[in-house]
Every structure is written in C-alpha cells, then in structure tokens.
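Asks: Have a look at this one.
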Amino acid sequence: MAGPWDAVLRDEAALRQAAVVAVDAALLEGVLMRTDAEPNASEVVSYAPFTLLPSAVPRALFEQAYAVQRDFNLLVDAISRDKEFLERTLASTIKVDDFTARLFKIHQQVLEEGLAQSVFLGINRSDYMFDCGAGSLPALKQIEINTIAASFGGLASRTAAVHGRVLRVLGKPEEAARLLPNDPARGLAMGIAKAWELYGSPSAVVMFLVEEAQRNIFDQRCVENELWDRNIRVIRRRFRDVYEQGSLDGSRRLYVGGQEVAVVYYREGYNWEARLLLERSRAVKCPDIATQLAGTKKVQQELSCPGTLEKLLPGHAEAVKRIRATFAGLYSLDVGEEGDQIAATAIASPERFVLKPQREGGGNNLYGEELRQVLERIKDSPERTSYILMDKIEPQPAVNYLLRARSPLKASKCISELGIFGVYVRQGTELVLNEAAGHLLRTKAVEHADGGVAAGVAVLDTPYLV
C-alpha cells in the first residue's frame with residue numbers, strides 16, 4: 001500500500017534540509033530533555049528524539065481508540081474498588097513476585113485501617129498497535145494500560161507543531177493543516193485541578209513525586225505550568241524527601257516540609273515506608289495503590305477471561321463490547337494443566353508470543369529465543385506465574401527517519417504504538433469527571449522488540465490520519 005510520504009522519501013536532499021529545520025523547531029517548541037551527562041541540570045539540554053515525518057495511522061482505528069478510552073477509565077476505577085477481584089486475581093502472583101506482593105501488602109494495610117482518602121484521581125494511558133497479522137485488515141489491539149506515571153503527555157502536546165513545520169518546508173501545507181490538535185498536558189492538569197478543588201483546602205499544594213535523575217523534567221513541567229496557570233501551587237519532591245519530612249496530623253492530612261499536600265502525583269513509586277505513609281493519608285493519590293494494582297499484567301490477562309468484564313461493569317454491555325474488541329490473545333501461566341499447555345505451545349512457537357512480567361515501563365518484555373529460554377527454565381516452577389503470555393502483534397512497518405542527538409540521519413523501517421490518555425475523578429461513589437485527554441504516538445525501528453522513549457528506543461511522533 002502506498003504511504004502518504006512516498007514521493008518525499010525519494011528526495012534525500014530535501015529531507016536533510018528538513019531535518020535541520022525539524023531540530024530547530026523542536027527546540028523552539030520545547031520538545032526537550034535533559035542530557036544523560038547532567039540529568040538534574042538544565043544549563044545544557046537537547047531535543048527529545050522524534051520522527052522526521054508524522055506516521056500514517058488508520059483513521060478508523062484512531063477514532064476507535066478514543067471512543068473506548070472512557071470505557072477503560074470506568075473499568076480501571078471499577079477494578080480499584082473491587083477488593084475481592086484484586087485479591088483473587090493476584091493470589092498466585094504475590095506468592096512469587098516480591099514487587100507486586102509489597103504493593104498488595106500496603107493495599108491491605110490501608111484497607112484494614114480504613115481509607116482516609118475520599119477523592120480519587122486516575123490518569124492512565126492505554127497503548128495499542130495496529131495488528132496486520134494473517135493478512136487481514138489492520139485491527140486495534142491493546143498492548144497494556146499504564147496506571148502510574150504515564151509519561152510524555154507534555155511533550156506530545158508540542159510535537160504536532162514540529163511536524164507541521166516539517167511538512168510545510170517539504171511543500172506539504174495541506175497535509176500540515178490536517179495534523180490534529182493534541183494537548184494531553186491540559187487534559188491531565190484538568191484532572192489534577194479537579195481533584196485539588198474537591199480536596200477542599202485552597203492553601204494545599206500538588207506534589208509531583210519525582211525520580212532522583214530527572215531527564216524528562218520538561219514533559220512534567222508542561223503539566224505543572226497548566227496548574228500554575230490555574231493558581232494551584234506545585235512542589236516537586238523525591239521519596240527520600242517524603243521519608244524525611246512527611247507526617248500526618250490527627251485527621252490524616254499529609255504534610256511535607258510543613259506544607260499540606262492535596263494531591264500526590266506519582267512520577268515514580270518505589271520507597272515502601274514513604275509509600276505507606278502517603279497511602280494512609282487523606283491526600284488524593286494519583287494513583288492510589290489499588291489503581292496501580294489494577295494496571296498489573298496479571299489483571300490485564302484476567303480481564304480477557306469470559307464473563308470477567310461483565311462482572312466488573314454490570315449494565316454496561318456496549319462498553320464491554322468496545323473494550324473486548326481491543327484485546328489481543330492473553331494467557332495465564334498459573335500452575336495447572338491450562339498453564340502447562342500454553343507454556344509448551346510458547347516454547348514450541350516462541351515467535352507467536354510475548355512474555356510479560358509484572359512491571360511498568362518498557363524494556364521488560366521477552367521475545368523469540370529469549371522467551372523460549374526463560375520459559376524452559378521456569379516451566380515447572382511457580383515462578384512462571386509472575387508472567388503472562390500475549391499473542392505477538394504484527395504491525396505493518398513504514399519507512400521514516402528517527403532524529404536523535406549526535407546520530408546520523410538514515411532511513412529506518414519503523415512500527416508505531418498509539419497511546420490514549422484517560423483522566424477520571426471520583427468523589428465517594430460519584431464519578432465527576434471521565435474524559436479522553438489526548439494521545440501519544442511513539443515510533444521505533446523494527447529491530448527493537450521492546451522499550452519506550454524513556455528507555456532510549458522509541459521516539460516521539462504525530463499521527464497523520466489516513
């Protein structure tokens with residue numbers, strides 16, 4: 001099938017000129033990251049990696065992804081409120097996966113003490129690829145849903161302007177005008193602002209809980225700036241700051257360094273003592289621990305079982321149908337005959353599957369020979385229950401140029417992954433906000449099986465609907 005940029009891709013001189021303009025446009029628009037050498041200083045920065053050309057995305061699948069996002073928001077919220085479902089689903093995983101077990105222990109401790117939190121904020125990103133396997137028409141298939149620290153909403157808000165400039169330089173003004181507006185930063189801030197408002201303390205702050213090395217600070221600053229524009233104070237703290245300076249008063253209000261915190265927005269989440277303090281507090285956590293557990297791979301696999309969606313979303317038959325249409329084949333590796341059979345099938349045909357551990361972020365999945373070796377090693381061990389298997393999605397590659405600092409300009413065969421940001425706010429049992437908040441397109445060379453932008457594999461992109 002002919003692509004929208006076939007003629008452009010034949011003119012290498014024009015592409016080289018456009019690449020120079022593209023890099024300057026990225027710097028002008030603020031598509032920025034700090035450097036590896038100095039991740040905590042902004043004196044010297046670089047552009048975040050991105051494609052030279054926007055990538056073709058089937059319009060029908062793009063619209064389908066947006067249409068189902070509010071359904072996924074409802075589903076994540078329903079899972080987070082269903083203590084029995086989480087307990088049952090994660091029972092085998094927490095026996096063998098220490099990370100999930102620690103999260104689950106905090107979840108149980110908080111429930112036993114009684115929830116102080118009454119306002120709940122969910123910011124998630126549902127990621128998809130366009131499956132062209134078996135020569136069929138492309139189909140939208142979900143890779144995963146990220147319920148904690150779903151990144152690049154800020155930089156994605158600025159990338160379309162860069163690609164618009166590139167297309168104009170290449171003599172494609174009409175195509176440039178067709179690029180969709182996209183502002184996830186505003187959408188994410190809208191959810192945080194609503195949660196802050198419902199918390200009900202105008203002097204309280206929003207706390208971004210950030211990692212030690214902050215290369216991706218500009219992505220976060222985009223959301224921060226939207227909050228400052230609404231006159232909401234934002235502070236940035238690390239887990240060790242919370243551990244050293246955090247406390248709860250008699251009403252379980254959270255104070256960090258003497259400032260009351262209304263909303264905790266996790267950009268990372270892995271100091272256990274500090275995490276328990278935060279979870280016990282009245283502050284709105286994004287996500288609270290139950291919502292983080294809702295995003296585990298084992299929950300994703302359980303959702304694909306017949307009847308599960310119907311139990312979680314009673315009376316939402318159309319939403320269930322829309323959600324189920326996006327599922328790829330997902331398989332449990334729990335101990336038993338069914339798990340034995342699927343493990344044997346994957347060992348015999350590893351090219352058909354992806355082996356996924358219970359971890360957020362890219363770079364953890366296993367493919368091909370590596371998948372086969374790991375499954376051979378753990379096939380008779382309970383350790384296999386810390387993974388799930390998923391059918392491997394087969395997207396159609398397209399040629400593009402991936403622009404990275406200090407890398408030569410060369411054409412690559414690429415595949416893309418579309419993420420839709422979702423935001424919801426619940427007060428008690430009432431859902432007061434439920435929206436799709438924008439999109440993120442990431443593209444990588446076909447030789448890289450796994451990994452995102454932060455992992456240095458994928459680059460930022462803009463969808464060009466076809």
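Positions of Cβ are set from backbone N, Cα and C atoms, glycine also.
The substrate binding site annotation in TrEMBL covers Arg125, 148-151, 214-216, Gln220, 267-270, Arg442, Asp450, 453-454. TrEMBL lists Glu144, Lys297, 356-365, Tyr367, 390-393, Glu417, Lys444 with the feature ATP binding site. What TrEMBL lists as Mg(2+) binding site is Glu144, Asn146, Glu360. Residues or ranges marked as domain 'Glutathione synthase substrate-binding' by TrEMBL: 204-294.
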Asks: By a simple count of other Cβ atoms within 10 Å, which of Tyr270, Tyr367, the binding-site residues in the record, is least packed?
Replies: Tyr270
Asks: I need the nearest neighbour of Tyr367 (ATP binding site) among the binding-site residues Asn146, Ala150, Arg215, Arg267, Tyr270, using C-alpha distances.
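Replies: It is Asn146, whose Cα lies nearest.
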Asks: Let me know the model's mean pLDDT on the domain 'Glutathione synthase substrate-binding' (204-294).
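Replies: So the average pLDDT across the domain 'Glutathione synthase substrate-binding' (204-294) works out to 96.
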Asks: Quick check on the binding-site residues Arg215, Lys444: which one has the highest count of other Cβ atoms within 10 Å of its Cβ?
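Replies: Ranked by Cβ atoms within 10 Å, first place goes to Lys444.
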Asks: Restricting to the chain of Lys392 (ATP binding site) and a gap of 6 or more, list residues whose Cβ falls under 8 Å of its Cβ, or answer none.
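Replies: Listed in sequence order, they are Glu351, Arg352, Phe353, Val354, Tyr367.
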Asks: What are the helix, strand and coil residue counts for the domain 'Glutathione synthase substrate-binding' (204-294) according to DSSP?
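Replies: Final tally across the stretch: 35 helix, 26 strand, 30 coil.
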Asks: Tell me, which binding-site residues from Arg125, Arg215, Arg267, Tyr270, Pro357, Lys444 are within 10 Å of Asn146 (Mg(2+) binding site) if we use the C-alpha atoms?
Replies: Arg125
Asks: Cα-Cα separation of Glu144 (ATP binding site) and Arg125 (substrate binding site), in Å?
Replies: 8
Asks: Return only the integer: C-alpha distance in Å from Arg267 (substrate binding site) to Lys444 (ATP binding site).
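Replies: That comes out at 23 Å between the alpha carbons.
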Asks: Give me the CA-CA distance between Lys444 (ATP binding site) and Ala150 (substrate binding site), in Å, as a whole number.
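Replies: Here the two Cα atoms are 18 Å apart.
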Asks: Using Cβ atoms only, which residues of the same chain lie under 8 Å from Pro357 (ATP binding site) while being at least 6 residues apart in sequence?
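Replies: Sequence-distant Cβ neighbours: Asp97, Lys297, Asn364, Asn365, Ser386, Tyr387.
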Asks: Under 8 Å Cβ to Cβ from Ala150 (substrate binding site), same chain, six or more residues apart: give me those in sequence order, or none if nothing qualifies.
Replies: Ile123, Asn124, Arg125, Gly419, Phe421
